[in-house]
Amino acid sequence: MHLAKEHLNVPRVISPEDFASSNLDELSAMTYLSYFIRKNSPGYYNTLNWVCKQLKTTNISNLNTDWNDGYYLCGLVYSLGGEVPGWPNLNRNDHLANCQLGIDCAKKLGIDPILTAAEMSDPNVDHLTVMAYISKFQTVTPRKSKAEKITLDCDLRDVTVGNLSQFLVKVADEDTDETKVKVWLTGPASSPPVHVTWSKGMATCTFQPSEAGLHKLYAQYDGTEIHGCPVTFTVLHDLSKVRVTGLPDPCQVGKNFTIEVFCSADLLDSVEVKLKSPIGNVNMLNKTSTTDGLVASFKPSLPGLWTYQVLVGNREVNSTSLQAFDPLKAWLTGPEHGVIGEEASFNVNIRDCGSSDLETEVEFSGGRKIEDVKLVGQSDVRQIVFLPKLSGVYRVKATIRGEPVKGSPKALEVVDPGQIVVSGEGLVKGYKGVEAYYNVNKQGLAGEIVTTVEVSGQVVPVVKETISQNEFLFHYVPYLVGTYKIDIKWDGKHIPGSPFSAQVTDKSKVIFLTNLNEMKDDNDHIALEYDKEVCLEFDVSRAGPGKLTGEILSPVGKLPVHVNHGSDYVKVSFKSQHEGDHYIHLYWSDVPLDVSPLLAYCPGPPMPLDASKVVVVGRGAEMARATVPARFVIDGKKAGPGVPKVRLQGVQSELAVQIRPLKYNRYQCIYTSNLPGSFLLFVYWSDVLLQSCPFKITITSRGDVRKVKVTGAGLNGGIAGNELSFCVDTVEAGPGEVTAECHSHRQSALCDLLETSTGIYTLKVYPAETEKYILQIRYDGVQVPGSPFILRVGDPPDPSRVKVFGPGIEDGHIDTFESRFLVDTHGAGAGQLAVKIRGPRGGFKVEMRRETENERIINCRYDPSEPGSYEIAVRWSGHHVPGSPFNVRIVETREELKKLISERGYRPHEKQMGWKAEI
């Protein structure tokens, strides 16, 4: 009631409580509800609006004078699908007849009248009665009109002459009578029959047109044309029977291409052939009729994509794209000479030819085809690659779709550089700072041998020496460690195996990281423990691309060696299980290291504890000299692991003994007595006194070092690599220990000291290099008179460096002969010169002199008294010098001298001039 008052202006003539009461009287209710349906009320206008909307008009403004002619009643029935005879052509002046017609037709929709036709046609008819009657129409489900009773479902876009086509007729209302449906077609000059087959409220309609052109489809229901009719469509010619071919395939620039169209005669006039070039130009081709259709042709003028279209009545029958190619726009290039075993490569440029359909073929002499010819690349330039295995002429062919390209075929002459022989260690390995050599023999092949050596991008100088016309010797000096690239080219091409890789190493850069001094025994041997792994570590980071290997020789043969290679460090480990000496050989790139071999000793398996096996050795266990340290060794190598204890008992006191452990359960004992006397030595092994104890030790007075004498030729120096001999006499000095050591500023020289008789020692020193050495000889630790001695060691004699020149070794005339000649010993090292001359009557006296004592050029002279042959032998430290012996002919006359010179093939003074030039 509140909403009705607010929105519809309906007064509240009754309370909500009374309206909701079950005792509400009808009159009160009708009074309140009358405000909703009275004239100009909301209900009144709602009814008018529904009628106007249903009839799609705005001409009805009331329900009496606008309604009483019956026309809109009939229209309302018709809008709900009712059948109204004569609609809409009714006589609007015959109100009664129209109202009666509307009431009768409404009954067919199931709407019973509530007033008569006469009452409805009265202009003063009560609007409430009309509203009540109209309300019944609002509940009726609308029925289809005749124009809507059926619908068409058809797609007639691809209808062709002579082919069966179909469409569907569908029933849209339940009360549709199929017998009232009529369907037919009309064409330009014919009406194709339509065959209708009904099934479950739907008809399948088929027809077969016999002519092309515009056709119309008609459909009626009970004489009324349905909505959407007629349907207009075009029947087309059947182009599926039109066939198009093009020849030849592929399409080549400059050659005729023919397009054949196979079709019926009635289509010939409507056929067109359109051509589009690669640059976009479009042309219509001329046609020529044939018995089966027509033909058109064209010649491609440039490579690229050509497209032709075949149209029949502006309908496309065929569209074909052709890739026209021009083999003369592709070209083949490549070398004229090749090498066996070296890949040959030819380029084919196909960028502008219009096709990538490239085929290749390689023929050998006699027409034999080569297998394994590869075509490489997907770009505009392709590579033909193959490996010639025999010498001879090869023919390389390239075709585009079977047509040869420009430059095809191309000949390649192949030779065999495999007959070139290369050798030499310098091709595979080398050592820093040491000249490396390799040899190249081209075995008669024409062409130049060129070689380069590189390391780390830097060129290394290479010296070339010609041995013969075909053989050459190359040498270079590696100055860095690393991999050296060696290119050897013959006639500008790499020979087989080139470039070569030489691994240059520097064994001096292999650094020993393990402290061997801690591992060595008193014999300077590495002390090995039984069945315990020994690990030696090395730093090889700067030694170059090499490999460290090891070999351990034990008393029973080689031991297994494990080498752990790191990037910069290497570990060599092994175990010893045999007693005796071991030799540890270490190699860097198969070259022994400077420290190799290392000497080692293994005492064997541990022995059981047995003090009876302990041995005491050394002069210190028998005698000593006052104030001079004395030594002896407790050797428990065979006594098992034990702890030594020493007691040196004198008459009045004990002497302190220092015990220093050595290797192999051996201990060195050192003591010093300030006074002469006698002592007893007690030695214990794990608290067990040795059976040989006590030892009696006599300590005498110390000798006089001033009376020691050193003599021998070695004091004057010597030659590197030769021994120097010395004699050390201690007879007058008395008993004492003699020691010697010799060294230069770079290294030590081996000293061998041997007591040949009581108090007489022979000392031999072995210097290895040309150097100044210092020799120190000590007697009981004190320098003997003259020590340290300075020894000058020179180069060993080298006779090849000695030169002899002068007129005395040349042929000559007896009257004018000059018999002098010079011997130059510069650079020949220390040595002794000997010159002997034999003449016709035997030996000759030779005068030899030099300006100063240290002069290296000796002036020699002899005095021949008669003609004849003379033999001059010049020796340096017992060996002939270059050219020795010299054969000299002295003749009586000048004619004999000229004849002799002519026979020997040199001019006078040529030898002397040669010597002078060399000097």
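Glycine is no exception: its Cβ is also placed from the backbone N, Cα and C atoms.
Bear in mind that the values here come from a model prediction, so they are computed numbers and not experimental data.
The domain 'Calponin-homology (CH)' annotation in TrEMBL covers 41-142. Per-residue confidence over the domain 'Calponin-homology (CH)' (41-142) averages 83 (mean pLDDT, predicted model).
Marked as repeat 'Filamin' by TrEMBL: 137-235 (among others).
Annotation source TrEMBL lists repeat 'Filamin' at 234-326 (among others). For the repeat 'Filamin' (234-326), the number of residues in each DSSP class (helix H, G, I; strand E, B; coil) is 9 helix, 52 strand, 32 coil.
The repeat 'Filamin' annotation in TrEMBL covers 328-414 (among others).
The repeat 'Filamin' annotation in TrEMBL covers 412-504 (among others). Taken residue by residue, the repeat 'Filamin' (412-504) breaks down under DSSP into 6 helix, 52 strand, 35 coil.
Here TrEMBL flags 502-602 (among others) as repeat 'Filamin'.
As annotated by TrEMBL, repeat 'Filamin' applies to 606-699 (among others).
Positions annotated as repeat 'Filamin' by TrEMBL: 700-793 (among others).
Taken from TrEMBL, the feature repeat 'Filamin' applies to 794-890 (among others).
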Summary of DSSP states over the domain 'Calponin-homology (CH)' (41-142), given as helix, strand and coil counts: 53 helix, 0 strand, 49 coil
